[in-house]
Amino acid sequence: MGRAKKVVLAYSGGVDTSVCIPYLKHEWGVDEVITLAADLGQGDELGPIQAKALKSGAVESLVEDATAEFVTDYAFKAIKANALYESRYPLSTALARPLIAKLLVEAAEKYGADAVAHGCTAKGNDQVRFDLGILALNPTLKVLAPAREWKMSREQTIAYGEKFGLDFPVKKSSPFSIDRNLLGRSIEAGPLEDPMTEPPEEIYLMTKAIADTPDTPEYVEIGFEKGLPVSLNGQTLDPVTLISQLNDVVGKHGVGRIDMIENRVVGIKSREIYEAPALLVLIDAHRDLESLTLTSDVTHYKKGVEETYSHLIYRGLWYSPLKESLDAFIDHTQERVNGTVRIKLFKGNANIVGRQSDYSIYSPNLATYGEDDHFDHKAAEGFIYIWGLPTRVWAEKTKG
């Protein structure tokens with residue numbers, strides 16, 4: 001008896017997911033494999049992927065255009081949360097996984113599948129994100145992960161696929177593992193596994209080398225409503241267009257690269273290279289606008305929420321009670337986060353040089369040192385006395 005009768009497989013067209021199709025059928029006794037490829041704005045033509053899946057033995061090959069949903073329901077939530085894993089990574093790849101899990105579950109329910117499958121290996125984060133996402137959305141579905149169990153090397157995996165007529169034009173000169181969507185690219189493996197090796201320039205596609213960037217700065221203005229980016233340079237844009245255009249202009253100036261050692265869910269450290277030009281600038285601009293419109297106690301408390309939120313996304317807990325509760329808190333804080341942030345782009349830097357909001361709680365008359373100063377200076381002495389009273393009592397008892 002096979003492990004499942006009908007399986008919906010998350011499919012990218014790469015070596016592992018292509019080999020998963022005959023492996024599921026011939027090694028694990030699956031009767032039917034349906035593949036699902038998600039279009040998340042990665043820019044690839046998915047028609048050939050459909051044909052490849054059918055050639056590999058799938059009974060049906062699905063392509064879901066979920067780019068708009070990806071930006072609106074996933075990326076924009078992360079922007080409101082200023083989500084940066086370990087203070088650096090804007091989760092451009094991690095954010096795609098709960099959406100793909102959702103698409104897999106929906107397809108399984110629609111086509112009557114009793115299992116879903118993915119091609120993730122045992123050392124990566126994505127296996128956790130897919131497994132937990134699917135579990136949270138439909139705990140009755142089996143989750144199959146052939147690449148986690150088959151114990152084949154890369155060469156053996158390719159040889160297995162070739163037995164079933166699959167062709168893999170793998171280039172030995174390109175040993176990198178790359179993932180891309182509208183929000184950015186992630187690059188790992190190969191020579192990058194040596195943390196002292198400088199990444200070769202050719203791995204970057206969304207961001208220019210500093211030597212190739214314009215010699216004059218460029219200014220952009222991003223408009224926000226309730227914490228969401230809605231306009232670029234005064235022009236209201238739909239979410240996908242805004243991200244796409246901002247990627248181009250920011251990347252042109254060499255902004256948006258990350259080279260970091262990160263702590264994976266499974267307990268190992270990994271060297272990762274990311275490109276996420278628009279997402280990084282949007283988070284920075286959003287955080288700056290919050291500093292203008294939120295009270296200090298909310299701003300400081302929200303920082304802890306943001307760190308927890310980032311960890312939930314990274315660790316596969318998008319569909320969790322805590323994540324939903326944090327969303328409610330974050331949404332409430334964003335009611336007055338409206339306004340415009342001005343950014344100067346030049347030679348790899350994105351510097352915020354201005355911000356304005358009708359809901360600003362910055363008061364020039366209180367902040368100024370000029371003649372228009374309205375601050376009550378006499379109140380400072382009494383404030384300091386009360387504020388420092390615990391310190392005074394402690395000092396008198398211990399130093400006197």
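Easy rule for this one: first residue shown is 1, then count along the chain.
Glycine is no exception: its Cβ is also placed from the backbone N, Cα and C atoms.
Per Swiss-Prot, the features are:
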BINDING   Ala10, Tyr11, Ser12, Gly13, Gly14, Val15, Asp16, Thr17, Ser18, Ala38, Gly119  ATP binding site
BINDING   Tyr89, Asn125, Arg129, Ser177, Ser186, Glu262, Tyr274  L-citrulline binding site
BINDING   Thr121, Asn125, Asp126  L-aspartate binding site
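Remark: of the binding-site residues Tyr89, Tyr274, the most isolated position is Tyr89 (fewest other Cβ atoms within 10 Å of its Cβ). Between the C-alpha atoms of Ser12 (ATP binding site) and Arg129 (L-citrulline binding site), the distance comes to 16 Å.
For the binding-site residues Ala10, Asp16, Ser18, Tyr89, Tyr274, a Cα to Cα distance of within 10 angstroms from Thr121 (L-aspartate binding site) holds for Asp16. Of the candidate binding-site residues, Ala10, Gly14, Asp16, Ser18, Gly119, the one lying closest to Asn125 (L-citrulline binding site) when CA atoms are compared is Gly119.
Under the DSSP three-state reduction, Arg129 (L-citrulline binding site) is assigned to helix. The record gives Thr121, Asn125, Asp126 for L-aspartate. Within 8 Å of the mean position of their Cβ atoms, the other Cβ atoms in that chain belong to Cys120, Lys123, Gly124, Gln127, Val128, Arg129.
Spanning the residues Tyr89, Asn125, Arg129, Ser177, Ser186, Glu262, Tyr274 that the record associates with binding L-citrulline, the maximal Cα-Cα distance equals 19 Å. Neighbour list (Ser177 (L-citrulline binding site), Cβ cut-off 8 Å, at least 6 residues apart, same chain): Ile187, Glu188, Ala189, Gly190. Of all the binding-site residues listed here (Tyr89, Asp126, Arg129, Ser186, Glu262), Asp126 has the Cα closest to the Cα of Ser18 (ATP binding site).
When Cα-Cα distances from Asp16 (ATP binding site) are compared across the binding-site residues Tyr89, Ser186, Glu262, the shortest belongs to Ser186.
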